[in-house]
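Notes follow once the structure below has been shown.
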Amino acid sequence: RLANAVTPLWRLPYQEQLQVKYESQRKVLQALASHLEELGIEAQKPGGVCCPLQPVVPSPVINGYRNKSTFSVNRGPDGNPKTVGLYVGTGREGNIVCVKANRMENIPPKHKQVAQCYEEFIRRSPLEPCILFHEGGHWRELVVRTTSRGHTMAIVTFHPQELGQEALATQKALLKEFFTCGPGTVCALTSLYFQESTMTRCSHEQSPFQLLHGEPHIFEEVLGLKFRISPDAFFQVNTGGAEVLYRAVGELSQVDGDTVLLDICCGTGTIGLSLAHQVSKIIGVEVVEKAIEDARWNAAFNGISNCEFRTGKAEAVLPQLLSSWEDARPLVAVVNPSRAGLHHRVVRAIRNCASIRRLLYISCKPEGEAMRNFLELCCPPDPGKKLAGEPFAPTLAIPFDMFPHTVHCELVLLFTR
């Protein structure tokens, strides 16, 4: 059940998986074309799509490709509340169970091993799991991150409830002991982090990641560059797939030694830094402060000096940056937002900045909120929405399979004007 819920295509031969994804991306581009037609823009190309769609670029690794997994703690199929795995079922039907990830094709063995050890640890612990915050309990989810260099980071989330500092210190000591001297030693963790969290998701600012053991960062290599990864920094979950994606972004952006590249939602700076040698300057914008710290470290460590990184919400940083833009150099934008898409103020700032002629939009969910962004970029000028600049047009679409066995892929859409 779990494999079917999380990786519904796992039974299909890989070529057929790519075909399924191609069809879904074609539907996205047909939907975009018909929305644009409704706005009075002639957008339909052969096949009813808004621009040429290239075949899905395959992932270089098909099994065990994930470098980050999040495991929940909840009741298993046998009723044990201390089960570490992934959810199946829906809250609406009240049939949620937590199932071990042993048979998941996309999760590497190392992640399964750490999850298994964490389960053993919490089953030995006298403290209860925290399933519903208001009902008490403590042990919560586990995040495991690994790199191709063989590093492993584990992050345990814990609800402190009413525990005092001394009791917390005891739990941290027990967890550390289990993974450094006890049965958990088999995991050979590079980093063990602990986060006391009273909310579903906490940033480092809201509740610091406490390093219990090992190194504060793990390291990954992408396109010959070395990247430092913090506990909560965004990094593409498929490293090999990311290399293929970033190479293509470099080609599609048509940047040269004169270009300024704007990397919006830049995370740890991977896209910008991988293209830095091709351009005159990179400006990265990212809301997660730790990720920007990593991006600056990554630039310095790799000897890259033509990058500047700005921390803050894109909708606060970008309008300010672009409204006063007077640089004569060509400006190319790359945006890689979360599933929620870009804030309308970001789209407006890009649209109203005449220097931006090319925009690469990397979307992990193009049928969702991103569709609204596409329409705002391409619609006729709209004074009500303060969209004054000349509209963009979708020019080329390339899907990248970053998530084999699932229905998802990353769609790179090139907009030009």
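Glycine is treated like the rest: Cβ placed from N, Cα and C.
Copied from TrEMBL, the annotated features are:
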{"type": "ACT_SITE", "residues": "C364", "note": "active site, nucleophile"}
{"type": "BINDING", "residues": "Q236, E286, N336", "note": "S-adenosyl-L-methionine binding site"}
{"type": "DOMAIN", "residues": "258-321", "note": "domain 'Methyltransferase'"}
The residue listed as 'active site, nucleophile' versus N336 (S-adenosyl-L-methionine binding site) - Cα distance in angstrom: 8
Within the domain 'Methyltransferase' (258-321), residues counted as helix, strand or coil by DSSP: 30 helix, 16 strand, 18 coil
Pairwise CA distance, E286 (S-adenosyl-L-methionine binding site) versus the residue listed as 'active site, nucleophile', rounded so that it is a whole Å: 17
Close in space, distant in sequence - C364 (active site, nucleophile), Cβ under 8 Å, 6 or more apart: S338, R339, M402, H408, E410
Cβ neighbour count (within 10 Å, all chains shown) around Q236 (S-adenosyl-L-methionine binding site): 24
Cβ neighbour count within 10 Å of N336 (S-adenosyl-L-methionine binding site): 23
S-adenosyl-L-methionine site span - longest C-alpha distance across Q236, E286, N336, in Å: 15
Model confidence over the domain 'Methyltransferase' (258-321) (mean pLDDT, whole number): 93
